[in-house]
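Asker: After the structure tokens below, expect a handful of questions from me.
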Amino acid sequence: MLDLNLNADSPESTQYGGDSYLDRQTSDNSAGNRVEESGTSTSSVINADGDEDSCSTRAFTLSFDILKVGSSSGGDESPAASASVTKEFFPVSGDCGHLRDVEGSSSSRNWIDLSFDRIGDGETKLVTPVPTPAPVPAQVKKSRRGPRSRSSQYRGVTFYRRTGRWESHIWDCGKQVYLGGFDTAHAAARAYDRAAIKFRGVDADINFTLGDYEEDMKQVQNLSKEEFVHILRRQSTGFSRGSSKYRGVTLHKCGRWEARMGQFLGKKAYDKAAINTNGREAVTNFEMSSYQNEINSESNNSEIDLNLGISLSTGNAPKQNGRLFHFPSNTYETQRGVSLRIDNEYMGKPVNTPLPYGSSDHRLYWNGACPSYNNPAEGRATEKRSEAEGMMSNWGWQRPGQTSAVRPQPPGPQPPPLFSVAAASSGFSHFRPQPPNDNATRGYFYPHP
């Protein structure tokens, strides 16, 4: 082991009368024979011829030129030789920056400070470096819409082997909304992104960038969710079930094709019918503002009579008695010169001439109005009346006591009975006139002989 503290008293000094080894070395060597070398060190091994009782362990001693101390009595020595050279092997400064540079960039958790503290009590201090806080990694944005689809790289897109198409779905209010089936996964992902932006705003988790859908969102910003989903389905290649090339047609497992209108169109049809019936007070499925065009068209067509009743009038005559069938006095038959009336065929007969039961002496008009127009054909009807009186003279009721013989029918065509048989669908029973009683035969029948 090397003893670097050579200026201290060694055991050899006691054997030479208290003189140090450096002093003896100076006295033995002359000034002319001593060679001074700067920057180099010489070492000499001295085998001392000590006494027999001296310690045998003292074998050799190392001497360093940098620790040589010149004698003050020698005046011929140079100033460089007389001056003591002091070199500190360990820095005294408290900071260990120099040692850290020497050690390099090797990092150690704990290291011992070997420098001497002259101010303090000289205790060895264990310095623990302050740990540098590790950089906090950026938090990865956690998806709020669940994991990605296993069958597709895009969110909200699923491939179905049965149909062979890519279908897009989105969750809204706890329900899965079908957006349509597409031939490619890219088209299905586009449909999902549009629906996600419409439902959840610009913070939605989408497959592509938000700038790709700016123009699309401007066009559909006034549409509701149901209307927007209906548009996306219209852009798809069909419905999820079946493989029909026609829109709205579905193939079921039983092998039958079914035509569907969908809830959206059904609600629209109901709302339009309710508005046409109840106007602005109607209760609709969608907002009333979306049917503003229907309301305006209804107000323009308010003067149109949608009554399905049959009217034969050409003018705007008011309804009479709330009936759907109107028969005004100026009918088509009246314009042709035919008067729809029934005259009493027995106006000129004597009192004792019987009249048929149910005959009337008043003219019958279908509209119930008082006749104010005389037909020119009335004269011809009066001439025919005299002929009819001769034909009807043999008609009458059988007097009591006479045999019930079949009377011969008058020659010529028989007139049809007037209101004798009710219509089959009218629901009224057939009307059959009954002969008057005996008390009402005065003036109509002869007395018994």
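Positions of Cβ are set from backbone N, Cα and C atoms, glycine also.
What Swiss-Prot shows for this protein is this:
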{"type": "DNA_BIND", "residues": "153-209", "note": "DNA-binding region"}
{"type": "DNA_BIND", "residues": "243-292", "note": "DNA-binding region"}
{"type": "COMPBIAS", "residues": "7-20", "note": "compositional bias 'Polar residues'"}
{"type": "COMPBIAS", "residues": "27-46", "note": "compositional bias 'Polar residues'"}
{"type": "COMPBIAS", "residues": "408-418", "note": "compositional bias 'Pro residues'"}
{"type": "REGION", "residues": "1-52", "note": "region 'Disordered'"}
{"type": "REGION", "residues": "124-153", "note": "region 'Disordered'"}
{"type": "REGION", "residues": "393-449", "note": "region 'Disordered'"}
Asker: Give, as a single whole number between 0 and 100, the mean pLDDT over the DNA-binding region (243-292).
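Answerer: A mean pLDDT of 80 is what the predicted model shows over the DNA-binding region (243-292).
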Asker: Could you give me three numbers for the DNA-binding region (243-292), the DSSP helix, strand and coil residue counts?
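Answerer: Taking each residue of the DNA-binding region (243-292) in turn, the totals are 25 helix, 6 strand, 19 coil.
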Asker: Going by DSSP assignments with H, G and I as helix and E and B as strand, what are the residue counts for the DNA-binding region (153-209)?
Answerer: 16 helix, 20 strand, 21 coil
